[in-house]
Structure formats: structure tokens, C-alpha cells
Amino acid sequence: MRCKGFLFDLDGTLVDSLPAVERAWSNWARRHGLAPEEVLAFIHGKQAITSLRHFMAGKSEADIAAEFTRLEHIEATETEGITALPGAIALLSHLNKAGIPWAIVTSGSMPVARARHKIAGLPAPEVFVTAERVKRGKPEPDAYLLGAQLLGLAPQECVVVEDAPAGVLSGLAAGCHVIAVNAPADTPRLNEVDLVLHSLEQITVTKQPNGDVIIQ
């Protein structure tokens, strides 16, 4: 597979934030009389505000916004257990050394994403697309289209690296190549992605003299 740049999801792709996410959302579910497993099954890969609107249907936007602010603070400050996933730091460092453009494109808000990126010790991206920068979150294509644009690349020149069904669908809808890493077996359209891997450690990247990037 050939490309010119990478668009990485953050949670579940570059960082293991599952313990923190499950703590925050399970506590939120219990406070609202909901089954934690139902909430956790819905939220993966989606913007927090989308999940809150789903589970707080009928509530005012002011109530939902207040709940979002509270939850955002919890997720941005309670980072215990968050670590870089195997291969993440090595891959990003290699891209930087080779001069290959890459971005982080996440459904998380800026405070939450920045906190998790920092605690995991990841290299700084050239472009950081968070929930605030798009009107429609994953699985819509907006975030990945913006990421490609900010890198100065066409969507078809980019490879999206994702673990969540919503993110895989977003990358495909944007017209990007897609690598699914540790994605659920029942992910819709999984048969349409370019590669299905279990770990970032399986990705080998080589930059050609003409600027093309070969992924194996």
C-alpha cells in the first residue's frame, strides 16, 4: 500500500485509555440510573457530546452541556492507567525521523485528548484534530477530511489508522486508505479496509525518494 501521510485515532489506537474511559462512563451511567455495559457499548469511538445526547434524550441542551463539562473535567484529570499502546511511540518517532506527515484525529475534546497524549508520552503531532474542530463526529467523514486538509494532502493520499467501528467507517467515508488495528470482528465494512492488524508493531513504513510511503 502507498500513501503520503497518516491520520491516527488516539484512544484505543495510540493509547490504552480503556481503564480511564470505563471508570468515568461507568460512574456516569450509575449516577443516571443506566446500565454501565449499555453505555460502554455505545460510546466507543464517538464524541462524548454525541453519547450524552443519546442517553439524555429529552433533556435541554443546557443540561447536556453542563453534564459534558463535568464529564470532560473528570476524563481530563483522572488519567491513571493510561499508557501508549505497543509500537505507538516507535512508529510515530520513525515517521518524524523520515519526514512523513501525520496527524492525530480523535473524537475526544481538546482537554481530554491533550491530557491522554501527554501522559502516554507520545511525540507531538503536526496536526491535532479534536471534537471541537468539526460539526459532525465519527462515523461521519468530517474529522478525517479536515486532518488530510491540514496536512496538505488529498484524502486518498492518507492512511487512517483506527480501532473503533465508528472510526473505520469515518475513514472509509472520507475516501482514505484504512488500517484497522484491534478492531472488533463485527466492525461494519471491515472487509473494505486495506489491512487488518492486531498491533501497531506489525506496521513497516518506508519512504521512497519521490515522497511516496510504502506500508507493509
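Each residue, glycine too, has its Cβ placed from N, Cα and C.
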Same-site substrate binder from Lys59, Lys135, Lys138, given that Swiss-Prot records Asp9, Leu10, Asp11, Thr106, Ser107: Lys138
8 Å Cβ shell about Asp9, Asp11, Asp163 centroid, divalent metal cation site members excluded: Leu10, Gly12, Thr13, Leu14, Gly45, Thr106, Glu162, Ala164, Gly167
Among Asp9, Asp11, Asp163, which are binding-site residues, the residue with the most C-beta atoms within 10 angstroms of its C-beta: Asp9
Same chain, 6+ residues apart, C-beta under 8 Å of the C-beta of Leu10 (substrate binding site), given in sequence order: Ser17, Ile104, Val105, Thr106, Gly108, Ala113, Arg116, His117
Cβ neighbours within the same chain of Lys138 (substrate binding site) - under 8 Å, at least six residues apart: Gly45, Lys46, Gln47, Ser107, Ala164, Ala166, Gly167, Leu169, Ser170
For Asp11 (substrate binding site): DSSP state (helix, strand, coil): strand
Cα separation, Asp163 (divalent metal cation binding site) to Asp9 (substrate binding site) (Å, whole number): 8
